[in-house]
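Colleague: Got a structure for you, written out below as structure tokens; questions coming shortly.
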Amino acid sequence: MGSSSSSYAPKTIYLDVDGKVQRVIFSRHCSPCDIKELLCSSSNIARNTAILLIDSEGALVSIDPSMPANTPNNLYKVMPHSIRNKANDSNINDFVFLSKEKEDMFQNVLSQVAEQFSRAFRINELKTEVTNRLAMLEKRVELEGLKVVEIEKCKNDLKKLRDEMTSRGGVRMNCNCKYSLKLSPRRDVPSYPKYTLSQETIETLKKPTFDVWHWEHNEMLSCLEYMYHDLGLVKEFNMNPITLKRWLLAIQENYRDNPFHNFRHCFCVSQMMYGMIHLCNLQERLTMTDMCILMTAAVCHDLDHPGYNNTYQINARTELAVRYNDISPLENHHCAVAFQILSMPECNIFANVEPDSFKQIRQAIITLILATDMARHGEILDSFKQKVDSFDFTNEEHVKCLKMVLIKCCDISNEVRPTEVAEPWVDCLLEEYFMQSDREKTEGLPVAPFMDRDKVTKPTAQIGFIKFVLIPMFENVMKLFPQIEEIMVQPLRDSRDHYEELKQIDDAMKSWSFVNGLWKGSMDIKVSS
């Protein structure tokens, strides 16, 4: 991913294949899929098999062009995914390779220990206690089963009540957006793999050019975990590293599989925030508490997004719109979910923070997430414009306004990235827009022209947004941090020019089609006459 001349040289890694050293050479421009096929071929594994790359310490190595090189004395091993899944941690992998003789010895020792324990304790009493506990558990299971039946009955009663309310009052309750939170991660922490990030990846992670499409969910979780450690947040706020892992897992579980507003978007915004912290030297200008607020708000800013925006929520009178009185219903919901997750002891990364400090952090995170409502864009940007020429980093109101603008920049920063990274996000966003506009047409609700598949194109969707929203906001931030012009503002200008060229091509093709249609029509008239 680097830009130095060494990035053109091929990379060599060494594998342990059935006890023999196997050398694998590949170009740094190979895709991860090509590298995986090459590793399968070199390790005598079927071509389409899902594989993992393990280093000598049992840690996972990310399979991509930036993977760290090794030596013949420090071999990697390729393992089919199914084999790895059978092991709960790296210690079990060590037992798999024990010789038969050592296994027999180990079994013999275990038998002797078991015999000693049998003599030392009254086994019959233990059996009785276990039997009694099983009986109690069976009774609890039976009671829980009855509770489930009651819950289902209550759900049916609620559905009938909603239908009756709809028929009487005309309140629209048919939005299928379900807000049942998954507050307990489905995966336990031991199955959250440890990835070794190469130095090249670590450096690229700090830049807006980072390609977010090359990473799987577990890898993105590892990158987020690394950011919290690298910024010193884990140490500063005395976060339990295991709690941090559990919190990130719960965050991922509570992002839905929407075309755009999903966990990859969460990672994209968080990585851009991490990049801006480094690019703008914010660690020297802001406090550690500010760093934590910026990162945590970025991670949580779209939690449980249903894929339908605030306009739909309000027009359709959904549960969220009613609950939050039509005032930023989605952003209020994202905040609520974020702090519901933090309310669980096993996910509370702020457990060791003083109550007064936590209250300050909580209020600031809420302020930043609410600032991502685009309905407030003009208000927030105007406030920042009034402060930027005489900005004072010791003024709390100035810093608060800056943080609001920073999270807004990161939230809509896709066009800052290279075209090959940014353009797929436009397709994802349009897909989500079209899902909403189709539904609005079906339900007889107003449809925004920029979301209507019959009226909008990719160039028309982007040109106005880049010219009148993105560039003015980033240029104002540039007044405070001039170093972002080349890396962030110029790519926005290039993106604007790119889409304007596409629009000119589209317009020319439409004009040609129109003229061609007129010519054919005139020819038909002449022939008929």
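Glycine is no exception: its Cβ is also placed from the backbone N, Cα and C atoms.
Curation does not apply to TrEMBL; its annotations are automatic.
Straight from TrEMBL, here's the annotation block:
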{"type": "DOMAIN", "residues": "185-506", "note": "domain 'PDEase'"}
{"type": "ACT_SITE", "residues": "His261", "note": "active site, proton donor"}
{"type": "BINDING", "residues": "His261, Asn262, Phe263, Arg264, His265, Asp302, Asp411, Gln462", "note": "AMP binding site"}
{"type": "BINDING", "residues": "His265, His301, Asp302, Asp411", "note": "Zn(2+) 1 binding site"}
{"type": "BINDING", "residues": "Asp302", "note": "Zn(2+) 2 binding site"}
Colleague: Could you round the CA separation between Arg264 (AMP binding site) and His301 (Zn(2+) 1 binding site) to a whole angstrom and send it over?
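Modeller: The separation of the Cα atoms works out to 13 Å.
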Colleague: Which ones are near His301 (Zn(2+) 1 binding site): of the binding-site residues Asn262, Asp411, Gln462, which have a Cα within 10 Å?
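Modeller: Taking Asn262, Asp411, Gln462 one by one, the ones whose Cα falls within 10 Å of His301 (Zn(2+) 1 binding site) are Asp411.
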Colleague: Within 10 Å of the Cβ of His301 (Zn(2+) 1 binding site), how many other Cβ atoms are there?
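Modeller: Other Cβ atoms found within 10 Å: 27.
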Colleague: Among the binding-site residues Asp302, Asp411, whose Cβ has the fewest other Cβ atoms within 10 Å?
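Modeller: Relative to the other binding-site residues in Asp302, Asp411, Asp411 has the fewest Cβ atoms within 10 Å.
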Colleague: Using a Cβ-Cβ cut-off under 8 angstroms and a sequence gap of six or more, which residues of the chain neighbour Asn262 (AMP binding site)?
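Modeller: Listed in sequence order: Tyr255, Arg256.
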Colleague: Counting Cβ atoms within 10 Å across all protein chains shown, which of the recorded positions His261, Arg264, His265 comes out on top?
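Modeller: Checking each of His261, Arg264, His265, the winner is His261.
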Colleague: Counting across all protein chains shown, how many other Cβ atoms sit within 10 Å of the Cβ of Gln462 (AMP binding site)?
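Modeller: Other Cβ atoms found within 10 Å: 26.
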Colleague: Can you tell me the CA-to-CA distance separating Asp411 (AMP binding site) and the residue listed as 'active site, proton donor', as a whole number of Å?
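Modeller: The residue listed as 'active site, proton donor' has its Cα 11 Å from the Cα of Asp411 (AMP binding site).
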Colleague: Gln462 (AMP binding site) to the residue listed as 'active site, proton donor': how many Å between their Cα atoms?
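Modeller: Rounded to the nearest whole number, the Cα-Cα distance is 18 Å.
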Colleague: Enter the number of other CB atoms within 10 angstroms of the CB of Phe263 (AMP binding site).
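Modeller: Other Cβ atoms within 10 Å of Phe263 (AMP binding site): 21.
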Colleague: Taking the center of the Cβ atoms of His265, His301, Asp302, Asp411 at the recorded Zn(2+) 1 site, which other residues in this chain have a Cβ no more than 8 Å from that point?
Modeller: His261, Cys266, Val269, Ala298, His305, Thr372
Colleague: Grab the pLDDT values for the domain 'PDEase' (185-506) and give me their mean, rounded.
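Modeller: For the domain 'PDEase' (185-506), the model's average pLDDT rounds to 95.
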